[in-house]
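Q: This is the structure, below, for whatever I ask next.
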Amino acid sequence: MRIKCPECESVLSFTLPKTGSYQPKCKHCGKAFWLKVSSDDPPKIGFGRLKANSPQKPESTKPATTTTPDHTPTDVKRASNTAATFDGTDATVDAGSTKAGTVSQGSSQDIVVKSGTSDSSVSEMPAKLGGYRIVRLLGRGAMGAVYEAQQVSLDRQVALKTIRDRLAGNPASLARFIREAYAAAQLTHHNVVQIYDFGEDAGRHYFSMEWVRGGPLDAVVRQKGSLDPRLAAGYILQAARGLQFAHRHGMVHRDIKPSNLLLSDDGVVKVADLGLVKIPDQADIESITASTSRSGPLASGTEVTMQGTAVGTPAFMAPEQTIDAANVDSRADIYSLGCTLFYLLTGRPPFDGPVATEVMQQHAEQAPPDITKINSRIPEPLAKIVNRSIAKQPADRYPSLVECIADLEQFLGLSTEGDFSPSSDQADQWEQIAATYGQAAAPRRLQAPLFYAAAGGAIVLTLLSFGLGFAWWIMGTVMFAVTIVTVLTLDSHQSAIVARIRSWTGTLSLIDWIAAGIGGVLFLLMIVVAGLWTGGLAGAIIGLALGAAYHFGLVASTEKRCNEPLQNAQRFVRNLRIDGADENGLRSFAARYAGGRWQDLFERLFGYDSLIQMRQILRQDPSFTGPTAGFGIRDRVCANLAARAKANRQPDLQKRLAKVERLGLQSEGMSVSEAEQRSWALAEAIMKSAQVAPLQAGADAVNARAATEAKRNQMKAMLADARSGKYKSKRDKFAPLRFAIGGPTRLIIGCGLLAVFAVWGNHQGMFDSIKDIETLKKIGTGSANFDQLGSAVRDAAATANQTVEGSTFMGSNISPWSVGIAGLLMAMSAFVAGWRMSLPASIATIVILIGPALGIPAISELIPAWITAAGIGVIIYIPGILFGEK
């Protein structure tokens with residue numbers, strides 16, 4: 001390992017010491033400097049000057065060994081925890097680097113050794129942050145630490161990025177940063193790492209992002225060396241498409257480098273950290289000195305700076321970005337992308353060196369090296385793309401990524417019209433793969449028929465259970481419910497419904513869970529007291545058996561048969577991606593050429609959401625003659641759950657944004673009450689701005705610079721209006737009231753009424769008369785003809801009327817049966833989210849309970865007043881069901 005002495009810049013060679021902090025002494029100048037070895041694998045080395053007041057001899061020492069180029073040993077001693085104060089960051093290098101003090105290409109696992117390593121955002125690995133369980137530390141950068149984590153509610157793997165205290169401690173700066181990140185989180189593209197969420201836990205701010213199974217492109221180069229020109233061009237083409245999408249939405253990345261381009265196992269290149277690159281904006285002052293921002297290599301990410309200074313990674317930074325990062329446009333990203341392509345083709349960036357300012361100066365003043373002389377295998381057309389991308393003057397580069405993408409597609413021999421156009425051989429091969437998969441997945445065609453068979457079986461079992469007595473009435477219903485739950489549970493990782501359920505339940509509040517728990521307990525109490533538990537238990541056992549039989553007999557066995565054809569399909573799609581096929585065109589090809597059973601294979605390759613989108617596209621295409629219908633029940637359930645989750649998430653997002661904005665406004669001197677009011681307007685403005693469609697600037701291409709400027713001006717205008725008080729939006733004072741009369745409350749009331757009905761009915765012996773109804777026995781045995789059935793129904797109604805006339809609810813004129821019906825309908829109304837359902841539900845409950853006392857008459861001897869009132873109550877519920885969630 002070789003580094004340059006931070007004092008005299010002499011080259012020093014040393015054997016890598018153990019993890020820890022050291023104070024080696026340079027043999028040439030005799031001055032000590034600090035050196036820190038991380039615990040990463042491979043370890044990273046940080047080194048720099050000691051402050052003048054730092055002792056040059058540590059209080060406690062531990063020897064290590066270094067050698068200068070002439071192999072003369074030089075003592076290296078380990079510093080105590082309190083012995084040294086680090087003077088900023090002078091360099092961060094990979095332990096395996098062969099160059100003296102080389103600025104790292106920016107691996108996410110590089111460390112930056114800063115003054116005050118007690119920063120809580122990086123010094124300690126928490127066990128949990130918000131709703132995320134921390135698995136392991138991935139790395140630390142200038143912005144904070146990055147962890148692998150598990151989102152508990154959705155049971156999915158994520159990357160969790162924390163924010164250093166130095167940024168989080170500046171409320172105005174933090175608010176600005178979260179605004180940009182929130183806007184980026186609203187963007188969804190195949191070639192962009194999705195930002196899922198942001199939050200704060202015990203003062204520690206974090207963002208969760210899509211977990212990409214694979215690794216960064218710099219790791220690919222370190223492992224394999226320079227890449228094949230076509231392979232490198234295909235990777236950069238994918239990254240360019242993701243960046244183009246961001247540019248169309250007015251966003252500039254500012255830190256494109258190999259470590260921020262992640263290659264998934266599926267062959268997809270994704271741009272990471274879009275919206276998470278901290279830049280100064282709107283003339284706000286950062287609490288960071290200019291000297292810190294310019295003192296050393298910005299090796300492992302971006303550096304927070306004052307306005308008018310650099311931000312980015314020096315080895316890949318555009319010349320104009322070294323002067324003023326806040327006002328660069330999309331051409332700075334094109335330059336960085338060109339430097340990244342240079343790196344993939346040669347194994348090194350165009351400019352390199354041990355000191356950040358020197359590298360920046362090279363970008364600004366020196367001509368880039370001839371890439372064909374470094375790697376003679378690079379074709380001239382690709383070399384021209386690189387040279388144009390890394391031109392010194394922005395005007396000499398590609399004006400936008402539209403032209404760059406067109407040249408890359410032309411080099412790869414792809415259609416420049418935007419859509420993937422398969423060759424005849426590719427089409428034949430895909431058709432064969434899809435046909436093989438279709439044959440293996442044939443048993444899945446039984447899914448819908450088996451579902452309807454289970455529903456029909458539940459109805460039949462319910463009718464048959466009448467002959468067994470009242471205690472068995474719910475057996476069929478419970479059997480069906482448990483069967484569905486068992487199937488979904490055993491297939492949870494593949495089920496779109498389970499994913500939507502997890503997403504929805506993850507948005508429920510503690511009060512929602514308490515209400516559901518209370519309602520569940522009351523419902524179980526009703527079942528037990530009414531004597532229905534016997535049939536419920538039998539139904540649960542049968543349901544478990546049917547669900548398990550379905551999963552292991554159909555799902556698991558089919559999955560095993562489909563494994564090999566699915567892997568073949570995945571490899572085929574991966575190869576097309578690596579060859580540069582655009583994702584939208586590739587997915588359209590996969591659907592159109594897969595035959596009549598295309599949907600199953602398509603969903604396994606691209607996911608349920610992509611399947612829904614492709615169905616919509618193909619329905620509007622008259623040239624497509626294949627099926628576009630799906631399993632209607634599943635689609636409706638998923639859509640309903642997604643809508644509920646979104647409705648629950650929006651108020652929570654606004655609340656969290658408002659909190660950050662309120663602290664930012666208060667830090668600027670605004671009063672607490674005024675900041676509270678304005679913060680809600682700011683949060684609303686941010687959420688509206690993030691939903692604006694991409695800004696178009698031409699029929700054939702998007703003017704990214706105009707889009708960026710328009711977005712910046714739009715955000716500034718909206719924020720200025722919100723700050724000035726033009727928008728009077730503030731926290732909804734009636735939100736607690738609306739919540740109090742919402743679904744959870746209706747669930748508790750409904751289950752409470754059912755419990756009262758069960759307790760009272762059991763005490764009065766009302767259920768005994770039902771158990772003795774001979775009609776049910778005849779229906780259960782199937783021996784009743786229509787005449788006998790009509791006579792039996794009349795007898796049963798008369799018996800029920802006599803029971804009702806002899807039993808009133810707690811001495812009033814309210815029928816206990818009215819209590820049961822009102823409770824059942826009220827509990828079921830909880831499935832209609834929102835407070836609007838509460839009005840018709842309340843009116844209907846009143847009508848059902850006291851309607852007969854208010855004058856609702858009986859229709860006949862068979863239909864007494866309480867049944868009439870119940871029928872009217874059901875009709876009153878209909879508007880709430882239709883419009884309750886609007």
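From the backbone N, Cα and C atoms, a Cβ is placed for every residue, glycine too.
Remember, TrEMBL labels are computer predictions, not curated facts.
Found this in TrEMBL, in case it helps:
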REGION    45-120  region 'Disordered'
COMPBIAS  61-71  compositional bias 'Low complexity'
COMPBIAS  99-120  compositional bias 'Polar residues'
DOMAIN    132-412  domain 'Protein kinase'
BINDING   Lys161  ATP binding site
TRANSMEM  446-464  transmembrane segment
TRANSMEM  510-531  transmembrane segment
TRANSMEM  537-556  transmembrane segment
TRANSMEM  737-760  transmembrane segment
TRANSMEM  814-834  transmembrane segment
TRANSMEM  841-859  transmembrane segment
TRANSMEM  865-884  transmembrane segment
Q: Any chance the transmembrane segment (814-834) and the transmembrane segment (865-884) are in contact, meaning at least three CB pairs closer than 8 A with a sequence separation of 6+?
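A: Taking Cβ pairs at least 6 residues apart, the transmembrane segment (865-884) and the transmembrane segment (814-834) are in contact, with 3 or more under 8 Å.
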Q: What is the Cβ neighbour count of Lys161 (ATP binding site) at a 10 Å cut-off, with all protein chains included?
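A: There are 26 of them.
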Q: Over the domain 'Protein kinase' (132-412), work out the mean pLDDT and round it to an integer.
A: 83
Q: Mind checking which residues reach the transmembrane segment (510-531)? Cβ under 8 Å, same chain, six or more beyond either end.
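A: That would be 470-471, 474, 739, 744-745, 747-748, 750-752, 754-755, 757-759, 761-762, 767, 827, 830.
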Q: Using a Cβ-Cβ cut-off of under 8 Å, list the residues of the same chain that are 6+ residues beyond the ends of the transmembrane segment (537-556) and lie near it.
A: 443-444, 446-447, 450, 454, 461, 472, 474-487, 489-491
Q: Using a Cβ cut-off under 8 Å, which residues of the same chain at least 6 positions beyond either end of the transmembrane segment (737-760) come close to it?
A: 511-512, 514-516, 518-523, 525-530, 809-810, 816-817, 819-820, 822-835, 837-838, 841
